[in-house]
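Undergrad: Below are the structure tokens for one structure; questions will follow.
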Amino acid sequence: MKKKKNEGCSSGKEQTAKKEDAAPRAKSPPTQSRMEQIFGFKAEDLSSWQNLVVLLNRPTDPASLGIFRFLFGMLMAIDVTQERGLSHLDYKYLDGAPVCRFPLFDFLQPLPLDWMYFLYLVMFLGALGIMLGCFYRLSCLMFISTYWYVFFLDKTAWNNHSYLYGLIGFQLTLMDGNRYWSVDGLRRPSIRNAHVPLWNYTLLRTQIFIVYFIAGIKKLDADWVEGYSMSYLAHHRLFDPFKVVLPVELVSLLVVHGGGLVLDLTAGFLLFFDATRPYAFFFVSYFHCMNSQLFSIGMFSYTMLATSPLFCYPDWPRRFFARFPSFLSSVLPLTSAESQPSSSCVYKEVLSAEGQETPTAPKASKLRFKHKLAAIFTIVYIAEQFFLPYSHFITQGYNNWTNGLYGYSWDMMVHSRTHQHVKITYRDGKTGEIGYLNPGVFTQSRRWKDHGDMLKQYATCLNQLLPRYNISDPEIYFDIWVSINERFQQRIFDPRVDIVTADWSPFQPNPWLMPLLVDLSPWRTKFQEIESSLDNQTEIVFIADFPGLHLENFVSEDLGNTSIHILQGKVNVEIVEEKKNYTLQPNEQINVPAGAYHKVYTVSEEPSCYMYVYVNTTEAALQDNFTKLFELQERIRNGTETEPLPPELQPLMAADSEGAEVNATDPIVQLFLKRQRRLKEVKKRREAGLLERMERFTVKKYYTVRRGFLMTAIAVRNLAFGLPPLDQLREEVAFANMKGPQEEANQNDPLKDEVGHAEL
């Protein structure tokens, strides 16, 4: 439902005579009421069911819907190669690999690899067909059937925007999105530039309104309002302009959290009304452009930018493209104002000023069953979308510290988590032997650590895989420590429960979920005070544990001077090798030995709170050596170093030459030279001009997309003609894996393998 046109989305005052719908009208239209001017419909349109059906099926210009269809299809075609994972499909669905997967329904399994590539090809062609409006309905079905299959196949990849893509694809399947600027319009002149019913726009606009507004409601959470959810964002360079006038703490509280809250709550309303729409366009565009740089969220920012024009008047593309030179008219969308009548719409009888029926107007049409069905669907769908984010009282098994399966609640960025400690213990059901597994073994995902339903699936999978390694009837126990929104690190699941045999139901609360210790949330203010009092080399971890449980911990030899400080409760610290026990109460502390195990038992009736304070002595010594080498290198460069250099330090004299670190015999000097070279490269990349950045981005994306399509071609060939000889297949895959020069250099010299380079 839409209001009377404003000049903010029109080309000038001469356009204000046009109405939202392009249906022919009387020469002297009646004066519109104030309500109709603001909302686009009259009060009597809501006075009866029949009037509401007529309103929702009112003939409307198809132009804006056609442009959105084109943009959405284009973005989804790109998304298939990017976030959907076409370029690395073989890593995810390699045939025969022992992998634990996390589908929504356990009976869902991936197809063989070649068929998965074919399925992705169908999805891509569907998105391309949506973009072009070519065999539109078939293309929509091709896209959403494969998209939702892939979506349900892996809960670990769920997020709000992936869910939104599926919803919009489903909506477009039911809409007349091919009536404007489409191949179908060229093939079938009868539908070209034909009206679409108003409910097509109502659904899309309401869906986007819900995304914004419910996200704002979710941000009324105390953690967001108090600035704990995304506090780290304030340190990003994009917020540097705000830090000119505000300290970083206020940038986090007022700009990141306060600004995000206000924008989400108001964006849908501001986009709807004429007077506020230009301001809304500016702020939501700025917001989404920033998000595209802050987060790895694929096409989401661009998809949301593409939805904004839906709130303008539906004929805006005609006025926009009318400004282009006439010789481009053959490839640009139509700019003529006249639209064809459509059986999907309901037309009212239009009379001239003399009371006679207007000859050029479509004949008045009767309400049909499909019109009523469209109105029912619109109302039910909107009601369902408002209900789903608050339906977690039904699917209680998916509730953890946050409600529901992450993805359909629009609680975007409200919760941030850090994991300090993850231990997987197995016990052989026959021999009683106890062992430990690497966290994440047999899976490529880390999302299982926060969701009880995924943990149950993971444990069941491990129970089925471990017998291959002579472990019979294994019991699986998880000890997972999580901090949510800067709280204490605490257990999320009961470590005493064998998850293989534990009960779990989608509709019942998870009995082995440990409660979030929200009563300890006020300690976060104290955390900030403690952390601000530490030097740069001292690290700290805040722990909270439940009565009757204990933490078994190993202190690395790199962590010297590690101590435990008690904040609340009473604990018993056992030094395993020394076989000694120490009882500690608040304000007491104890040093624990490096390179050894210790256990911390909570013996008080209430939860215990304590903190580890430690220094990474190895890294501190390394950084100290780096500082000395840097000072020496500076003296060599400016000629103030007069002492002869020993052989192991002479490579510092040729530090700017390629491969200088290769000639270094001292490992610290070698690592220092390598670090300096990488710092220089990072600085060069950050200071690169726009053209260089664009070239680097384009080359990277080219090789990513190239690999996806070459691997798809190999898979389709395999399905059509069978597998080639192994040597040929190996050569084809190697050709598909070819990377750009810069990527190969980075791959051969990964930063993550270097010690003490977190600043990079």
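Note that Cβ sites are derived from N, Cα and C of the backbone, with glycine treated the same way.
Note: TrEMBL annotation is automatic and uncurated.
The shown structure was predicted, so the numbers you read here are calculated from the model rather than taken from an experiment.
Sharing the features that TrEMBL gives for it:
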- 15-24: compositional bias 'Basic and acidic residues' (COMPBIAS)
- 750-760: compositional bias 'Basic and acidic residues' (COMPBIAS)
- 57-316: domain 'HTTM-like' (DOMAIN)
- 1-33: region 'Disordered' (REGION)
- 740-760: region 'Disordered' (REGION)
- 117-150: transmembrane segment (TRANSMEM)
- 250-273: transmembrane segment (TRANSMEM)
- 293-313: transmembrane segment (TRANSMEM)
- 373-390: transmembrane segment (TRANSMEM)
Undergrad: What parts of the chain pack near the transmembrane segment (117-150), using Cβ distances under 8 Å and only residues at least 6 beyond its ends?
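TA: Sequence-remote neighbours of the transmembrane segment (117-150) are 66, 69-74, 76-77, 79-81, 84, 86, 89, 108, 111, 165-166, 169-170, 172-173, 177-178, 181-185, 711-712, 714-716, 719.
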Undergrad: So if I exclude everything within five residues of the ends of the transmembrane segment (293-313), which remaining residues of that chain have a CB under 8 angstroms from its CBs? That is, six or more out.
TA: 2, 5, 9-10, 18, 20, 61, 64-65, 67-68, 71-72, 75-76, 78-79, 82-83, 159, 161, 164-165, 168, 201, 204-205, 208, 211, 233, 236, 238, 271-272, 277, 280-281, 284-285, 413
Undergrad: Across the domain 'HTTM-like' (57-316), what is the average pLDDT of the model, as a whole number?
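TA: Taking every residue in the domain 'HTTM-like' (57-316) and averaging pLDDT yields 95.
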